[in-house]
């Protein structure tokens, strides 16, 4: 005959069931809002206000560790916009991480960062000089904390002029492919008068026009294709003009999460013939190629176009890029020159992309859990080697 649970036991059992927790998980973790605040929109809101059901989901809990089932615990403090938090911290990721002893804790932007934690990792994607100074000061006083990623490194790829600098000089040890960057130039003002400078720089039309700065707005990701000199007058500086390279209408998005690499295909602009160049005038807005609707993974494509870059080539390239960029979380947009075997161009770099990127990366939850586990293991080894 079954006994009756007391009300406290019922509540504990319900929390364990809702949070996917059992007694033998082997870690103790106080939910995701241990700081007593949660981020809503752009403001910090005290925990306990608002929807009761949401509060139940973030209720703290504690489980007694079994001495033979210790799980390495990793506390990840995060500072993300509400949009980024919603796209990245999906319930499945939170649950999988929780089961591996990984706790995500919101950073209170209204309190000094040094007074919070302790954190093992700080994950952030906020813009602004003030936040950059906060993180840099924190790195100085807390060298034991892994910051993903250094603000100075992130800032570099928010500027499309500096984003690709140094890539053409990379010395790849792998011979299964070669990597280039398209010719490009910067236009800071008066796009109409830049036509002569385009010719002087040796750039050939059509040109891909991109905003110089990536500032998190939709406009900073609006791209145009300029077919002739006169079309430059239609564009708003500051911008980067980049030579268009025919690539069979397929782009490769290469996601990098630490040592983990994932590649997906996306439809891109079709090849442009000399006949097309002669017939078309003006500047035309690009379609969005990062959304799931642009996926080319299951399309019936010419094998010479659809074939993914060689694994060994990608591993060699990513290894060099991690060092050059100083980043662990990023993706690169890469194209294969049409008609070539393995001649590739890197055309863009994105830091810690949002829902149209990591959310569409295959098995992104498992990838990030593995990544954070690797960080925990590295920290554990480092402590024991001292």
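Residue 1 is the first one shown; counting continues down the chain.
Cβ atoms here come from the backbone N, Cα and C positions, even for glycine.
Annotated features in TrEMBL:
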type	residues	note
REGION	38-58	region 'Disordered'
COMPBIAS	49-58	compositional bias 'Acidic residues'
DOMAIN	75-154	domain 'Inositol-tetrakisphosphate 1-kinase N-terminal'
BINDING	84, 125, 221, 253, 350, 354	1D-myo-inositol 1,3,4-trisphosphate binding site
BINDING	160, 210, 242-253, 268	ATP binding site
DOMAIN	177-373	domain 'Inositol 1,3,4-trisphosphate 5/6-kinase ATP-grasp'
BINDING	333, 348	Mg(2+) 1 binding site
BINDING	348, 350	Mg(2+) 2 binding site
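Known features from TrEMBL, placed on the structure.
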residue	record	contacts (Cβ under 8 Å, 6+ apart)
84	1D-myo-inositol 1,3,4-trisphosphate binding site	125, 354
242	ATP binding site	182, 183, 184, 207, 208, 209, 210, 347
244	ATP binding site	182, 206, 207, 208, 225, 269, 272
246	ATP binding site	271, 272, 337, 338, 339
248	ATP binding site	271, 302, 304, 305, 336, 338
252	ATP binding site	263, 264, 265, 266, 308, 309, 333, 334, 335, 336
348	Mg(2+) 1 binding site	160, 163, 210, 332, 333
* Looking at the binding-site residues 125, 160, 221, 253, which sits with the largest number of other Cβ atoms within 10 Å of its Cβ? -> 253
* Structure fact -> Pairwise CA distances across 84, 125, 221, 253, 350, 354 (listed as binding 1D-myo-inositol 1,3,4-trisphosphate) top out, in Å, at 20
* Separation of alpha carbons, residue 268 (ATP binding site) and residue 221 (1D-myo-inositol 1,3,4-trisphosphate binding site) (Å) -> 15
* Residues in the domain 'Inositol-tetrakisphosphate 1-kinase N-terminal' (75-154) grouped by DSSP into helix, strand and remaining coil -> 36 helix, 19 strand, 25 coil
* Structure fact -> By the 10 Å Cβ-neighbour count, the most surrounded of the binding-site residues 250, 354 is 250
* Can you tell me the mean pLDDT for the domain 'Inositol 1,3,4-trisphosphate 5/6-kinase ATP-grasp' (177-373)? -> 88
* Asked: Using Cα coordinates, what distance in whole Å links residue 253 (1D-myo-inositol 1,3,4-trisphosphate binding site) and residue 268 (ATP binding site)?
  -> 11
* Structure fact -> Rounded Cα distance, in Å, between residue 250 (ATP binding site) and residue 350 (1D-myo-inositol 1,3,4-trisphosphate binding site) is 18
* Integer Cα-Cα distance in angstrom, residue 268 (ATP binding site) to residue 350 (1D-myo-inositol 1,3,4-trisphosphate binding site) -> 17
